[in-house]
Amino acid sequence: MDSRMLSDQRFCRRIFAAALCVLVLLADSGCARNLWKRALHLKMTEKYDDYEYPLHSHSAHYQKNDRCPPPPQTLPDRACEVPSCRSDSECERHKRCCYNGCIYACLESVQPPPVLDWLVQPKPRWLGGNGWLLDGPEEVLQAEACSTTEDGDEPLHCPTGYECHIINPGNTAEGIPNRGQCIKLRGNPDGRNLRHKYYKEYFGSNSNNVVGYVKNQQKHLG
């Protein structure tokens, strides 16, 4: 009896050990499967990143580079066959790494558009009740902003010897003033002050009349 019981115990131990080994193998197989799936996912992600990264990088570069010409509406000939670039340092001094409609290549740079800041305070002028009639200091103006719109405040007049060339008519109904640039008057210097007075008294805040008057004067002087 004792030998039989010992034999049964050994058999049970063997079965338990075998079952434990099977469980361990199944667990290892699940871990291995999960590790394999994770490695495959990372590999595919790396491949996707390798493909997308240059596009994202170039796109961000293009947005920041204001010396690039605008992308063409139609694909130019051999646009995809020219040497590509990834930064301006790979191009000649007068060229920039820009999108040519197919790839990023070294293209001729363009000048950035001029900036007209409406919030920049104009250069100092002589102050007074009729300050706009007084001669101010002679100076060279570089795209100084001006306006002829009156909405309770004194308009942003140009210095003596300059007139306001309206570029944007604005919208008086929405409270948006017109704006322009100061250009030097041509013709008789003795009558240049009276021209500002003529604007003030006869045209007031009507920017259309001012624009028409300026055009007529330019035709007359031309």
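Glycine residues also receive a Cβ, built from the backbone N, Cα and C atoms like all the rest.
The feature disulfide bond is assigned by Swiss-Prot to C68-C98 (among others), with sequence analysis given as support.
Sequence annotations record features per position, and here Swiss-Prot assigns disulfide bond to C80-C102 (among others) based on sequence analysis. Classification of C102 (disulfide bond) by DSSP places it in coil, neither helical nor stranded.
According to Swiss-Prot, the disulfide bond annotation covers C85-C97 (among others). Secondary structure from DSSP puts C97 (disulfide bond) in a beta strand.
Neighbours of C91 (disulfide bond), defined as other CB atoms within 10 A of its CB across all chains, total 18. Annotation comment: Swiss-Prot describes C91-C106 (among others) as disulfide bond.
For the domain 'WAP' (61-110), the model's average pLDDT works out to 85. Residues annotated as domain 'WAP' in Swiss-Prot: 61-110.
Annotation source Swiss-Prot lists signal peptide at 1-32, citing sequence analysis.
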*Here are the disulfide-bonded residues: C80, C102, C106. Which has the lowest count of other Cβ atoms within 10 Å?*
C80
*Expressed to the nearest Å, what is the distance separating C91 (disulfide bond) and C80 (disulfide bond) at their Cα atoms?*
17
*Cα of C85 (disulfide bond) to Cα of C98 (disulfide bond): how many Å, rounded?*
8
*Counts by DSSP class (helix H/G/I, strand E/B, coil) across the domain 'WAP' (61-110)*: 7 helix, 10 strand, 33 coil
*Among C85, C98, all listed as disulfide-bonded residues, which has the most CB atoms within 10 Å of its CB?*
C98
